[in-house]
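Before any comments, here is the structure.
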Amino acid sequence: MKYARLVVALALIGLLAGLGPHVLPEYWVRVLIVLGINIILVSSLGLSNGFTGVFSLGHPGFVALGAYVSGILTLELTKKGAYLPDLPGFLAGVQLPFLPATLIAGVFCALVAVVIGIPLMRLSGNYVSVATLGFLVIVNVVLVNAEQFTRGSRTFTGIPPYTDLGWVAGWAVVTLLVLSRVAYSPLGRAMRATRDDPIAAQAVGIHILPARLMAFALGAFFAGVGGALYGHYLVSFSPATFYVAMLVQQLTMLVLGGQASLTGAVVGVSAITLLSEVLRNLERGFSLGSLQVPAVFGASQIALGFIFILVMVYRPQGLLGDRELPLVTGGRVAKGAGPVYKDTVGGGRT
Amino acid sequence: MKKLGVVLGSLVLVSLGLAQGTIKIGNAYNQTGSMSSLDVPASNGAKLAVKEINAAGGVLGMKLELVSYDGKTDPATITNMATQMINSDKVVAIAGFTDSDSALALGPIAQKAGIPFVTAGATSPQLPEQIGSEMFLACFGDNVQAAVGAEFVYKNLKGKTAYLVWDKSTEYTTLLGKYFKDAYAKLGGKLLGEETYKSGDKNFSAQITKIKALPQKPDVLYIAAMPDDIGTVVKQFRQAGLTQPIVGGDGYDTPLLVEVGGKAADNVYFTTHALMDAQKGTPEVKKFIAAYKKEYGKDPENAFAALGYDTIYLLADAIKRAGAPDPAKITAALMQTKGLKTVTGSITFAGTGSRVPQKAVTVVAVKDLKLNLAATLAPSYIPKP
């Protein structure tokens, strides 16, 4: 029964990805692509921020690394000569297809996450947030200075436009499947235990560092994959694309949907994406009968901010809190037996 | 009841007729976000141009209609906006943007759809090559303005030695510095060294110390800077006793140079698109300033207002010669543009094989908090893009 639902959901997504580009206007295909990429990015952020309580601010750093790694690996050789003439030999001669490049980008990010995570995941609370923010700043500075790899602050362009709805839908499903398997497994319970009460968790034999590191690295892997997809969607970007503005957007989507819920991440991303598209089109001005509303650019950001404040006042735990669709937990968590979600960092009322 | 139907029916017909009688042009600017200080004036200039053209009878007997969206200085929003303009609004051409990042986000989508895209103020001469046959610049390229800067330094200021300082955090300043170095060496000038900083830096003592420690004093300093930084840069360099002429690009074309720099901005020279001065400008500039002031109640904020205005006139001229609002014909007509007089100079694409216009560059000199015309030059040597 539970597999039947999963199959139906997968079939629907497959149908959407397969038929979408032929039936939907290109504008909606693009909105769905960005929506799917954000689902990958935000749900992977949720694994560390929501499930393990390590409130990371470094996520866009991994997205950036993923985009640049995959971009460098897939760039046509002639373009490589023109845009990145100083690439070291072993990179100058490679041109990989999309899938391997995406996977390498993800693995590279996971490795970086392990290396920086070993010292950082020992920290908790605000300290780990500040430290991961430091990581984001370092990535930005490195990208700006590593000119032979990234063109520095100049726009990295000429990347093949591989990303389409099929790739994004496929990776979003893989991301959600893997994350839900991990989050609602014994390992996931260990992650939540280290979040809710580290001392009690240690007392029952859970090692805090491996549990957190696992969440951080897995999150980084999918951030890298999402970054690769985003890079091949935009086809040109610069280090500034993956900085504070992106961080704020991801955190907003995550916190709005509910940090400790994969369903919440999907809801948060969908709500903000659709709302900002609707508002963006409204702010261009419209006419209601005889009433002419002029264009007020910037109004959409104000309205979004206001809605966000309202949600935080009335539902500080986010729209879904830590509730999940049964589909996500796969029946591995008994109804009502979910963890008591207490957010100690992220701005909830505790 | 029947009457009502007739009235409604004729209304529909009238509105259909109107819809057919307009030529839609995409107005792609970042109305909000970090680029808005340059993009909003450019967008205002574009709106003014459309109003003037329509008041004069439109193009090919049809009115121009600007389809505006806000790019929000965000690449994902810009790609959505581009798709909407092309697929939903069916624009026949797109005008917009003053930075290459935004132009590079929109460009590939316009290229794929075969819609001509003219950027008002993204000065990277590499854009047409990076994006393709639909990409045009309404402004000169950075290689041209850097070459003019180098010639002005070498010939007008008699600067046989120079020191180069550039902001390495943006594409614009990086390229500008690179082109200056190339052109200055070609002229026979001697670069005594170079130093970098990052946009947003507030302390330039490291760069200043290095310049002061040089065994030979450079005749001129060439500083490739962003609008937000140039006031602070000039002030600190002068306070440290570096009194040489400071020369730079159109990033200096901001009220901040004089407001923040004050008297320190004396002996500063910069290359830009036009001198935006109601008294000292060219007749075209004077006319534009008067029209802009009448429309918006203030002087144009910078030369980008004029560039936004010129971009629309460039497109209108091409549509007229194309004979039909058809994107492919407009692209072909744009390529045939010859000697089109605009506020920021004359635009020619025909016979050049380039989609970056070879415009004359205005050099502005600052004295006693005032901007003066120092020279109008076309470079003898242009560095490769």
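Counting begins at 1 with the first residue displayed.
Cβ from N, Cα, C; glycine included.
Keep in mind the model is a prediction, meaning the values are calculated, not measured.
According to TrEMBL, the feature transmembrane segment maps to A:27-47, A:54-78, A:98-120, A:127-145, A:165-184, A:204-224, A:230-248, A:255-275, A:295-314.
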Per the Cβ under 8 Å criterion, with at least 6 residues separating them from its ends, the transmembrane segment (A:295-314) contacts 252, 255-256, 272, 275-276, 279-280, 282-285, 347
Contact yes or no, the transmembrane segment (A:127-145) and the transmembrane segment (A:230-248), 3+ Cβ pairs under 8 Å, gap 6+
yes
By a Cβ-Cβ criterion of under 8 Å, what residues six or more beyond either terminus of the transmembrane segment (A:204-224) are in contact with it?
40-41, 43-45, 47-48, 51-52, 54, 56, 59, 62-63, 65-66, 69, 105-110, 112-114, 117-118, 120-122, 175, 178-179, 182, 187, 190-191, 193-194, 198
Leading contact stretch, A:27-47, A:165-184, A:255-275 vs the transmembrane segment (A:230-248) - CB distance under 8 Å:
A:27-47
Of the stretches A:27-47, A:98-120, A:255-275, which racks up the most C-beta pairs under 8 Å with the transmembrane segment (A:165-184)?
A:27-47
So if I exclude everything within five residues of the ends of the transmembrane segment (A:27-47), which remaining residues of that chain have a CB under 8 angstroms from its CBs? That is, six or more out.
16, 20-21, 56, 59, 63, 163-165, 168-169, 171-172, 175-176, 179, 182-183, 191, 215, 218-223, 225-227, 229-230, 233, 249-251, 253-254, 257, 259-262, 264-266, 268-270, 273-274, 277
